[in-house]
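Reviewing the structure listed below.
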Amino acid sequence: MLWETIIGMEIHAELETKSKIFCSCPTEFGAPPNHHTCPICLGLPGTLPVMNQEVITLAIKAGLALNCEINLYSKMDRKNYFYPDLPKAYQISQYDLPICKDGWIEIDVEGEKKEIRINRIHIEEDAGKLIHLEDEPNSLIDYNRVGVPLIEIVSEADLRSPKEAVAYVKALKAILEYAGISDCRMEQGSLRCDANISVRNHGQKELNSKVEIKNMNSFKELLKAMEKEEKRQLELYQFGEGHKVIQETRRWDSGKGRTIPMRSKEDAHDYRYFPEPDLKPIILQEAMVKEIGDTLPELPHEKTIRFKGDYGLTDKELEILVGDKALATFYEATVAKAGEPKAVANWVLGDLLRLLKEKEIDSYAIPVEPETLGSLIQLVDEGRISGKIAKEVFEEMFYTGKKPLEIIEEKGLKQISGEAELEAIIDKVLASNPQSVEDFRDGKKQALGYLMGQVMKETGGQANPKTAKELLEGKLSS
Amino acid sequence: MTITIDAIKSAIEGGERLTEEIILQFYKRIEEREPEVNGFLTLCRDEALERARSIDQKRKKGEKLGRLAGVPVAIKDNISTDGMKTTCASRMLEDYIPPYDATVIKKLWDEDAIIIGKTNMDEFAMGSSNENSAFKVTSNPWDTKRVPGGSSGGSAAVVAAEMSVMSLGSDTGGSIRQPAAFCGVVGLKPTYGLVSRFGLIAFASSLDQIGPITRTVKDSAISLEVLQGHDPMDSTSYKGEASSYLESLEKGVKGLRMAVPKEFFHTKGLDPEIADSIRASIERYERLGAIVEEVSLPLMEESLAAYYLISSAEASSNLARFDGVRYGYRTKEYEKIEELMEKSRSEAFGKEVKRRIMMGTYALSSGYYDAYYNKAQKLRKIISLQYQEIFKDYDLIISPTTPILPFLKGEKTNDPLEMYLGDIYTININLAELPALSMPCGFSKEGLPIGLQLIGNHYSEATLLRAAHQLEQEIGLKSPIRKEEV
Amino acid sequence: MKISKEEVHYIAKLAKLHLTEEEADKMTEDFEKILSNFDAIRGVDVEGIMGETFKTTEAPHLRKDEERVFEDKKKLFQNTLDLKEGYIKVPKIIE
Ligand SMILES: [Mg+2]
Ligand SMILES: [Zn+2]
């Protein structure tokens, strides 16, 4: 039997504002507990919300970037439920009139393009953070995050595999980053995804019970969680226990590598939404929306087209580079300095990405300046250092932030270009490798490579490869 | 001469009296009257006297004094005062001390007013008699066996008993006007949004409005000039120009068009003494040159339903934050956090509060939203449009404030519905976001005050106050409690 | 409109209120009385009336995106029942 997986995503993205949605507390991440709080975001009695205008602007931007229709009349509603991370016992959100609706984005899974529809984008406030202590009868609350502005982007259930789900979130993340809507740092929780997943027989019209999965904090986790849940449901259906797939919320436990039902959601939830009486409706003018649209910067798909045309990069290179705004920005700045788009791509996608991964550094915190990498590439280009040495220099640059020339100087990595000096070394190499010399003269041209290697070895890699090769060839053919 | 804002201000400015002496005199009066009236929940004698001395210093140095210099003000205990307990007369907030001042409190400080204490009220402003306070029942100063009305009963009683010159109340469905009527003082509910709600502990956000309770209409005008104005902390606050009311107070009512809704006089349960007194006032207005005409404004019983559904729904959400987790009352014994919340709320909220939370939760719960809350909102719109229709042809509407005279304590506590019916003349005004004022217009044979309600169009407080002032002068009501000169 | 005691208990649960059986009985009785009165509202013709657009006469009041810190943290948390190293300590919450 053929099975089909149906996935819809709900993405919460923190908006890149300086202050919270309804009060002036900073939104900055990493402050001491409860430091970014005030009577308003703590929901103290008598306080009132006042909407941050930047929230409206960013939400509209998101809508436009995701091809949505902007509702010129929308409103805020209260979603009522008791939970200690919610100091007012209601979340100010949008219910039946969200600010944006009916959008779409294009995703690309292994070369296959697909359009994913977006049902709606609404504005809401974030909740606080609960910390559960092991073996202690208490939990701790940090309200720094409460009232940080969010947009919730709800997709249609158009995704058909865990891979598509990942591609969708990646595409969305790139767009939000490019448009300056959210910094999308998944590890800090500024981009969070929940997924609704169900499986059904191929050709079956109606949907089976869907399960909501929460707490997937990276693309890797998202993929794993989706695959695990897909498998769990499939197995239940295949073993005639389909009734055990119930509509519920499950938490992804990355440590245990499985999804676990969430107990707090046992209560039938009745959120008793009603229009927020403390805020007036959001009434927008067409002209204002257009003005905001005009400020949208180049978006990923536009960048892909431009990079392809200007720099001649491959699809794979483009996917990685454009998919990461910080990396793309770094790439372009480096090309501006050094030219050589291909060489820069090799550096950025090669050594740089490898080191970032090894050291678990995010691309927005690249410790190398585009100018320094540019000048390193120029040094290689001018033949002043070899590619091999350049790699060594780059690592040093990465760790210390020093300039390439500085490193070369310090480590004595300067290239030996002096002919006399090189000639002496070459003579020595030829003398100690008579067999190779003979091979070469017998027509085995690959012996040249071996001899070049020996020269480089002898010079500790510092020989100017071009000069050395010319000299070597000269000597062999004489 | 009765104690008024003007009298106090000029006594201080002219150097006849020290602010400190005046405030001491009020505390002396409180000592005498409070044991019987029970209007205050908190007194702040030391702070008030210190404040008074600082105003005397200010005067000595020749600095300009504020518009309420030295005027004692009592604050309803649901308005947040920085550093001073704000309990909403609930066990839930028995020890709660706000870390900030409500916008209206800041405005009072800016004008050199002196806050003398916080007043009793129905718990979370839900009630019409002050019998729903968790701490005490305030008495009507005119007859201490009777209730002062509610929910701003304490605020009205302390002004009536001359323990304060001015007080702040809040009005969600009549909570300023009804106790003002019961206590024979002037209570003003401004247009929704004219006075900032920031710092007012919400009962029903779309209906709540802060307003002054004073002994004279002129004091009400002065108070409103101080309290009003756009507040960037309140999104529903009015952005228009702030008007001045004093200058037009003496302009007279000649040619003013006043509407009397005939249905208001056919309400079952309207006390004939009240009806007579209002009719007498209407005749006075005619003598003063106003054009008074009868109109039809059906008082729908449905509007009472709309009011209770909307206010309870909003209250159920506004009061959800009180769960014993962060601050406020916490139950002694619990295992899980759910139990903590449930028990804390059940133990700390009074009967009426619980009833309204239940009703509001029901009205909002899935399956009933459209039938109740949504429908009520639409009805609200219809009511508003009806009033707009009348204001096309008239400047003001005259009506009784309440259908009944101050009742005896304990007389109506058993039937919530009967209690709700007492709000029939006042709730529509909140639903339609209109301004209205209640002023004394006479007394019953038993000597109980009767309140007349004037209703104006949005932001027409100037007309409202002018008409009220003219009637007040014409009636020349004296305060029979005690005539004391400052 | 009839309301059952079970319904009253369900509403109480939603509202995080605990009612004793006696209280639930009384509440059911009160509810019936109040609601039967309120049912009048169901008959009102509201065709074509937009309830939610009640306050649309004025443009929404928006705040500039500017930071301001509430400095006096001691005062801010003066009512907090249990504070531990800056965190608000509460009984264990199970997810
Ligand atoms: Mg949400
Ligand atoms: Zn804040």
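For all residues, glycine too, the Cβ spot is worked out from N, Cα and C.
The Cβ of B:Lys76 (active site, charge relay system) lies under 8 Å from the Cβ of B:Lys118, B:Thr119, B:Met121, B:Ser152, B:Gly154, B:Ser155, B:Ser167, B:Leu168, B:Gly169, B:Ser170, each on the same chain and at least six residues away in sequence. According to DSSP, B:Lys76 (active site, charge relay system) is assigned to a strand segment. Taken from TrEMBL, the feature active site, charge relay system covers B:Lys76 (among others).
According to TrEMBL, the active site, charge relay system annotation covers B:Ser151 (among others). Its Cβ placed at the centre, B:Ser151 (active site, charge relay system) has 34 other Cβ atoms within 10 Å.
Here TrEMBL flags B:Ser175 as active site, acyl-ester intermediate. Counting only same-chain residues six or more apart in sequence, the Cβ atoms lying under 8 angstroms from the Cβ of B:Ser175 (active site, acyl-ester intermediate) belong to B:Asp122, B:Ala125, B:Ser128, B:Gly150, B:Ser151, B:Ser152, B:Gly169. Under the three-state DSSP scheme, B:Ser175 (active site, acyl-ester intermediate) falls in the coil class.
The domain 'Amidase' feature in TrEMBL is assigned to B:21-465.
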Task = Within the domain 'Amidase' (B:21-465) only, compute the mean pLDDT.
result = 95
Three-class DSSP secondary structure - B:Ser151 (active site, charge relay system) = coil
